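Trainee: Just passing along the structure, written as structure tokens.
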Amino acid sequence: MPGSASSSCLGPWPKDVGVIAMELYFPSQYVDQAELEQFDGVAAGKYTLGLGQARMGFCSDREDINSLCLTVVQRLMERNGLSYDCIGRLEVGTETIIDKSKSVKTVLMQLFEDSGNTDVEGIDTTNACYGGTAALFNAVNWVESSSWDGRYALVVAGDIAVYATGSARPTGGAGAVAMLIGHNAPLAFERGLRGTHMQHAYDFYKPDMVSEYPVVDGKLSIECYLSALDRCYSVYRNKIHAQWQREGSDKRFSLDDFGFLVFHSPYCKLVQKSLARLMLNDFLNHPSPDTETGHFAGLDAFRDVKPEETYFNRDVEKAFMKASAELFKTKTKPSLLISSQNGNMYTPSVYGCLASLIAEHTASQLAGQRIGVFSYGSGFAATLYSLRVTQDHTPGSGLDKLVSSLSDLGVRLDSRTKVPPSVFSESMKLREETHHLASYVPRSSVDDLFPGTWYLTRVDDKHRREYARRPLDDDLPSEPELVRSTTASEHILSPVKKMPRIPAVAAGPEATSSK
């Protein structure tokens, strides 16, 4: 059974360590990008066609990074029937910093109080949009290490992506993803197959400690993203070639060896360009590409281009986007559901794409596939790695449960409330003026939030934040607040419809079941 510990797995490396369960949260309100184009006075299609964005989710002053993460963690635990004592590591990846010392992880520990479990390793990890991936790698490494005690790890990636008024504002968004990590997982990390590139650049950064807004060099950021993709793909390809050679195979790795590919998505159009970029890499690295038929037909004119000179070459971009169109349609486009409908979530972005990919396919379509995952964070840090989907897609299997749990993403997106761009603009102004204040009581309505959402109730004169949860049933009163002095025994959780339970794991060699 997924994630459960036994005496045999506490010695050698646990098998198939990876993602067992996922949960995703996005705000309950959005602005339509076509309407935002008109409101901003830009050409029709600038955001929708040029960026590939349809809608953008956003948070009112009732939500912050703590509330987003409280919501997504509790939702994952409830929907999977898990008790908090089965978590041995919890790590948060975020770049939304509301306290320069206290971590989001410590706020989340309030959810663990009723279980009595304080033996939970991990802390926050920060580097732009890469923090969630670093947290995920730390969790996987923990399960595969001598420090593992047999319990699950829980990874949370969350952010509120907001920009000052201007050309970058439509690339915002908000949300959080929680992932349960253990062994015998339906999405297992392929051991030894990570290509990483890290380098210094000021492409996107947040030097103003009292502002949520970043400083962005748009052109440099795109160049850093694409150059990192080139480097990571080269390293990944070399590593898988080395593995294959040890196995006696001289096969060349190409895009065809990925069943699916998901990318960090600042905006959807960049993702489509990124897949085309990988085809360019395949083309330039092939000793004798067939330019008469197949993927590379008609591309012979680009045989001698240098990758570092093509980041903004429109002829190269157009040719390889056309050549990779079918691959994009089958391998990557289904992953852009959340990105196109909710926007850029920063650290959860690539994992929202992974969740979308799963939601848009059946278990049998996913079974046995290799999923390439490219994560990028400005500054900059990037990794391309791969997950192998289990072959077992039978009803009730881990893969079947994972797919079922995410199958409602489209319905949840459609249940949001559309607000006029003027209301969105006013909300952004309110956040700008109040997000850093002490002695503040949020002004936005709680009724606009999804049931089960944690929200900010007040910030006291010492900047201490207090939260409450909107009930899962609208006929019930709000649950008692989570404040700095309460105990979890006071938090009466509303009943929730649960998925089939994933057994909890013990802190030692003998497995136990959760309540």
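Using N, Cα and C of the backbone, Cβ positions are placed for all residues, glycine too.
Here's the feature list from TrEMBL:
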type: DOMAIN; residues: 13-186; note: domain 'Hydroxymethylglutaryl-coenzyme A synthase N-terminal'
type: ACT_SITE; residues: GLU95; note: active site, proton donor/acceptor
type: ACT_SITE; residues: CYS129; note: active site, acyl-thioester intermediate
type: BINDING; residues: SER221, LYS269, LYS273; note: CoA binding site
type: ACT_SITE; residues: HIS264; note: active site, proton donor/acceptor
type: REGION; residues: 470-515; note: region 'Disordered'
Trainee: In whole Å, how far does the CA atom of LYS269 (CoA binding site) lie from that of GLU95 (active site, proton donor/acceptor)?
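Mentor: The separation of the Cα atoms works out to 23 Å.
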Trainee: For SER221 (CoA binding site), which of these active-site residues sit within 10 Å, Cα to Cα: GLU95, CYS129, HIS264?
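Mentor: Hits: none.
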Trainee: Rounded to a whole angstrom, what is the largest C-alpha distance between any two of the residues SER221, LYS269, LYS273 that the record assigns to CoA?
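Mentor: Spelled out: the longest distance between any two Cα atoms in SER221, LYS269, LYS273 is 14 Å.
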Trainee: Residues near the CoA site, SER221, LYS269, LYS273 excluded, by Cβ within 8 Å of the Cβ center?
Mentor: ILE222, TYR225, LEU226, PRO266, TYR267, LEU270, VAL271, SER274
Trainee: GLU95 (active site, proton donor/acceptor): which of the recorded positions CYS129, HIS264, LYS273 is the nearest Cα neighbour?
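Mentor: Out of the listed candidates, the nearest Cα belongs to CYS129.
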Trainee: Can you tell me how many other Cβ atoms are located within 10 Å of the Cβ belonging to LYS269 (CoA binding site)?
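Mentor: Result for LYS269 (CoA binding site): 16 neighbouring Cβ atoms inside 10 Å.
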Trainee: Near CYS129 (active site, acyl-thioester intermediate), how many other Cβ atoms are within 10 Å of its Cβ?
Mentor: 32
Trainee: Count the Cβ atoms, other than its own, that fall within 10 Å of the Cβ of HIS264 (active site, proton donor/acceptor), considering every protein chain shown.
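Mentor: There are 31 such Cβ atoms around HIS264 (active site, proton donor/acceptor).
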Trainee: Only counting partners 6 or more residues apart, tell me which same-chain residues put their Cβ under 8 Å from the Cβ of LYS273 (CoA binding site).
Mentor: LEU226, GLU317, MET321
